[in-house]
Every structure is written in C-alpha cells, then in structure tokens.
Amino acid sequence: MSGSSAKINLLGMNRSDLETFFESLGEKKFRATQLMKWMYHLGVSDFDLMTNMSKALREKLKEVAEVSVPEVIYEDISADGTRKWVMRLAGGNSIETVYIPDNGRGTLCVSSQIGCSLDCSFCSTGKQGFNRNLSSAEIIGQLWIAARSFGDYDLSKERYVTNIVFMGMGEPLLNFDNVVRACDVMMDDFGFGISKRRLTVSTSGLVPALDKLGDVTDVSLAISLHAPNNSLRDVLVPVNKKYPIEELLAACHRYLGKLSDKRRITVEYTLIAGVNDSETHAHELRDLLRDLPCKINLIPFNPFPNSGYERPSRNATLRFQKVLSDAGYVATVRTTRGDDIDAACGQLVGRVEDRTRRSQKYIPLQNINVSPDGRASV
C-alpha cells in the first residue's frame with residue numbers, strides 16, 4: 001500500500017537516480033544495483049531483509065525511504081486467462097492494469113495517468129476526466145504487483161510478463177518524465193530486463209513530445225490513429241485539431257530514423273460501426289500509410305454504458321482487414337479479451353469507483369455525419 005509522503009519512495013527510481021540518492025547518504029554508487037536486485041529480481045520491499053547491506057545502512061534507509069506500491073483493491077481473472085487489477089493510490093484515486101496471455105507471451109497493459117484529458121470520443125477513460133499524472137513509482141508499482149502475483153522474478157526462466165504496453169489509462173506523453181523513467185527501470189538488466197522491442201509506448205499524437213521521446217529512449221512506438229482522414233479524426237481524437245495526421249506521420253518517420261535497428265510503428269485503429277469501418281475507410285487507410293513501416297492493429301470497439309457507439313459486425317471487420325492484407329500490410333484483428341471482467345481500458349475502475357460521468361461527455365452516434373467518401377462532421 002502507498003506509504004507516507006514524508007519518505008522517499010525508491011520504487012520507480014532509475015539506476016542514475018538511485019546512485020545519486022545513495023551518494024547523498026555518503027554511500028557508494030554500487031548500492032543502487034544492490035537495491036534494484038532486491039526490489040526487482042527478488043520482489044523484496046523490506047529493508048531489513050536486504051542482508052548484503054550493513055545494519056547501519058538499513059536503519060538509515062528505514063528513516064528516510066521506503067519501497068511502496070499501490071494497494072490492490074480488486075483483482076479478477078477472466079475465463080480466457082486475462083487478469084485485471086484495480087489499484088488504489090495515495091489520495092484515494094484508482095487505476096487499472098491488465099495482463100493478457102496470448103500464444104506463448106504475456107502482455108501487461110499499464111496506466112500512466114489517473115483519467116485522461118484528451119477526451120477521445122470512444123474512450124471510456126476519457127469520460128472520467130483527468131485527475132493527475134502517475135509517479136514513476138506508481139507506474140512501476142503496477143509491474144511489481146504483476147510480477148509478485150506470478151512470482152515472475154527469475155530473469156533466467158520463462159516469464160509470464162514478456163511484453164509491456166503503455167495502453168492503459170492516460171496519455172503517456174503527457175506524463176513524459178515519469179514514463180521515461182519507468183521505461184528505464186523496465187529495460188534495465190538490474191530492473192525488469194524487458195527488451196526495448198517488447199516495451200511499447202502508445203500516443204494519440206503529441207508531436208513535440210514524440211520528437212523528444214526519440215531523443216531520450218528507443219522503446220517501440222504505437223500511435224492511436226483510429227481514422228484515415230483529418231475530418232473524422234478531429235471528431236474521434238480531438239488532439240488531431242492541433243497535430244493533424246500529416247504531422248503525426250512525419251513525426252513517426254523521424255522517430256524510426258533515430259532508432260539503431262529496423263522496427264515498425266504499430267498503428268492502432270478502433271473500428272466503430274457506421275463511423276470508420278467501411279471499405280472506403282479501409283482503402284483510405286491503405287493509401288495513407290503506404291510509406292510508413294508499420295503493422296496495423298484493428299480493434300473492434302468494446303462498448304461501455306452510454307458510449308453512443310457500437311461494435312462492427314465480424315464481416316465488416318474482416319472486409320476491412322482484407323483490404324489492408326491484400327495491399328501487403330500486416331493487419332491483425334485484436335481478439336476481444338476479458339469481457340467477463342470488464343477488461344477494456346477504463347471500464348472496471350469506473351464501475352468499482354462508481355464515479356464516471358460518461359453521459360455528459362460522449363458524442364452520440366446519431367450526431368456524427370459520415371459522408372460517402374468517409375469524411376465526418378458533428
């Protein structure tokens with residue numbers, strides 16, 4: 001459970017931060033990696049158990065610091081193996097984290113904010129409004145809790161959590177410093193040792209922050225596109241009015257150009273019945289992404305109360321996918337997981353807290369006009 005704010009929470013500090021911390025105590029830098037091994041390789045949060053540190057140092061740590069994680073207030077496991085946690089943070093707010101097992105790998109979907117300010121019209125989290133950014137400790141705490149649940153500490157053995165995606169609650173690039181620091185810990189061999197190819201940060205398209213991200217880290221990138229043209233994306237993803245599709249795709253090219261290896265952008269496209277799921281939209285998306293090294297993740301919309309939107313039919317989804325596949329794209333349809341535990345982002349925490357305000361903020365489907373050429377207006 002989150003502890004006293006008077007003490008420094010060492011969870012979520014990257015190696016450089018911890019070295020600076022120990023130097024401030026008059027200790028050598030190597031204490032940082034000692035501590036990281038205890039926290040992340042062994043799952044130990046009690047300083048008294050860290051026996052390769054002197055008793056005097058352990059007493060000093062207890063005076064000024066702590067290893068504090070969020071409090072799990074709800075946990076559920078779906079029939080398909082999907083697992084979801086609702087975690088309470090300092091101040092009483094809650095976040096959610098989802099684990100999805102699939103074909104020999106396990107993906108942990110972590111949150112970066114309490115709520116979200118971008119107000120994408122189809123997103124459950126956005127309807128809850130924005131409260132605050134998560135600290136790096138609160139981000140890493142989600143992975144720490146998952147690792148503890150699975151006993152997932154021995155890096156030499158096959159692990160349950162093999163992939164991490166920042167696709168939970170919030171826009172990661174609006175919490176830039178804490179997300180980057182958390183990524184450092186996730187990838188550090190003295191942290192969780194996650195490969196940069198298996199750690200993905202998703203963004204709705206904050207172009208300046210995306211350019212900055214490429215200067216400080218080399219994680220994999222996903223963009224929440226959801227529309228093949230600006231008029232429709234302005235409605236679904238309002239940040240598009242500030243950073244239109246052309247600027248976003250140019251930023252994606254710049255990001256790939258900064259990487260030391262060849263990788264593709266993951267393009268996320270939520271299919272919404274009667275809004276962006278026609279073959280016209282598929283052809284438009286095909287042409288839009290022609291020059292971008294990418295793979296496309298098609299996500300049938302997961303309805304939530306008062307969303308005003310509907311999931312497309314399976315036939316419509318497969319027709320959309322076929323247009324892209326025939327053009328040579330790797331286009332996968334995300335299998336709906338965890339329906340029996342409200343595993344779609346933002347759904348369960350809203351039900352547990354009973355605090356959502358969806359009915360006041362959604363754009364009703366009947367208020368969106370889509371022309372035959374796929375353009376939209378409200």
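A Cβ is built for glycine as well, from the same backbone N, Cα and C atoms used for every other residue.
Feature annotation from Swiss-Prot assigns active site, proton acceptor to E96. What Swiss-Prot records for 102-340 is domain 'Radical SAM core', and it gives sequence analysis as the kind of evidence. Among the features that Swiss-Prot reports, disulfide bond is placed at C109-C345, with the record citing sequence analysis. Summarising the annotation, Swiss-Prot assigns [4Fe-4S] cluster binding site to C116, C120, C123 and lists sequence analysis as the type of evidence. Marked as S-adenosyl-L-methionine binding site by Swiss-Prot: G170, E171, S202, S224, L225, H226, N302. Taken from Swiss-Prot, the feature active site, S-methylcysteine intermediate covers C345.
Closest to G170 (S-adenosyl-L-methionine binding site) in space, going by CA atoms and restricting to the recorded positions E96, C116, C123, is C116. Within its own chain, L225 (S-adenosyl-L-methionine binding site) has R233, V237, I245, L248, V267, E268, Y269, L285 as residues 6 or more apart in sequence whose C-beta sits under 8 angstroms from its own.
A distance of 19 Å separates the Cα atom of C109 (disulfide bond) from that of H226 (S-adenosyl-L-methionine binding site). Between the CA atoms of S202 (S-adenosyl-L-methionine binding site) and E96 (active site, proton acceptor) there is a gap of 16 Å, rounded to the nearest whole number.
Note: the CA-CA distance between the residue listed as 'active site, proton acceptor' and H226 (S-adenosyl-L-methionine binding site) rounds to 23 Å.
Taking the C-alpha positions, the distance from C116 ([4Fe-4S] cluster binding site) to E171 (S-adenosyl-L-methionine binding site) comes to 6 Å. It is 11 Å from the Cα atom of H226 (S-adenosyl-L-methionine binding site) to that of C123 ([4Fe-4S] cluster binding site). In this structure the alpha carbons, written CA, of C123 ([4Fe-4S] cluster binding site) and E171 (S-adenosyl-L-methionine binding site) are 12 Å apart. A distance of 10 Å separates the Cα atom of C120 ([4Fe-4S] cluster binding site) from that of S224 (S-adenosyl-L-methionine binding site).
Within 10 Å of the Cβ of C123 ([4Fe-4S] cluster binding site) there are 24 other Cβ atoms, across all protein chains. Note on the domain 'Radical SAM core' (102-340): mean pLDDT across this stretch is 94.
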